[in-house]
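TrEMBL annotations:
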- 34-244: domain 'Amino acid transporter transmembrane' (DOMAIN)
- 1-23: region 'Disordered' (REGION)
- 62-90: transmembrane segment (TRANSMEM)
- 111-132: transmembrane segment (TRANSMEM)
- 152-172: transmembrane segment (TRANSMEM)
- 179-201: transmembrane segment (TRANSMEM)
- 221-240: transmembrane segment (TRANSMEM)
- 275-292: transmembrane segment (TRANSMEM)
- 298-315: transmembrane segment (TRANSMEM)
- 336-358: transmembrane segment (TRANSMEM)
Amino acid sequence: MATAMEVGEEKARVDEGPELDASDDTAHQISHDHWLQVSFVLTTGVNSSYVLGYAGSTMVPLGWVVGTVGFILAAAISLYANTLLARLHEVGGKRRIRYRDLAGYIYGRKMYVLTWALQYVNLFMINTGYIILAGQALKAIYVLYKDDDALKLPYCIAIAGFVCALFAFGIPHLSALRIWLGVSTFLGLIFIIVAFVMSLVNGISTPSRNYNIPGSHVSNIFSTVGAVASLVFAFNTGMLPEIQIFASPMYEYLDTKYGRGKGSAFSFDNISFRVLVRGGYLTINTFVAALLPFLGDFMTLTGALSVFPLTFVLANHMYLKARKNKLPASQKAWHWLNVVGFSCLALAAAIAGLKLIVVDSRTYRLFADL
């Protein structure tokens, strides 16, 4: 039996506007995976070789001390924001399996659509960045063996995108990755360790400031660690499992809304659907990657448009909205401080990202061979 307070809170929430109660229907497998497999998804997705790119965009301009402190603070703030989301994982007596579903329940239809848009802009740009990195790895391997400049970066990006597509056709959902998650995590750790050690050694022997920071330039790292580590990186990034993790929400949406969803995941109908739909999606990813291979710009603009708003701003505001009658004034003030502060940071980062794109568009031509 509901208490008078609970009834009052529910009435107040309903009076604010009708919520969007999204369906739990999905074409992908959920709630059946072992916790160990879930941990591998998180490890592979978060601690991937892609993180080396952030070292160049953060550590080089800030230096070792400020850059390291910044990374630690970012990790702590991200953990806090995700803890807030975990507390909202089940609201209104129902589990929300998608981030946009939670936003839609708390705010309504318009916020559902906006969250959906921001989330998929973020995922699209991350996927594009993966394909760029994989293409750069292939180019680095080629240059180590031949210096004829015959295999240009756009060609390498096209190869990376093609291999990504082949992998996407054969992996219907995240649960099907299985052993690939362990392989990807293992190879990713090998590359990160080798790249860090080699670039650190190179930094000690080279006076240039750029070499003093691991990841200061992706191409320099590829040349430093050699062909074997570059091959590991190419395998571990956009070409195989990691991109599937960040592409999975888009695949889930397309499979659930438009997929046939009948019979085996490897039936002719379902495979042909994946070839058509996922192949088309990755073709657009690959085209954008080859057209504008400016990795740092993608990182900055992605963070401004979606990471800051979704991870920090929205998480704090949703918690305020859902728990406002149970929070003391001091905690409300803290959450509002986070909302306003990260909104300002997002605006500043967006301006910086757009400026980088403008500058690089003057320096490099389209389909540049970087």
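Note that Cβ sites are derived from N, Cα and C of the backbone, with glycine treated the same way.
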Before we move on, state whether the transmembrane segment (298-315) and the transmembrane segment (62-90) share at least 3 Cβ pairs under 8 Å, counting only pairs 6 or more apart in sequence.
yes
Answer key: the stretch among 62-90, 152-172, 275-292 with most Cβ pairs under 8 A to the transmembrane segment (111-132) is 275-292
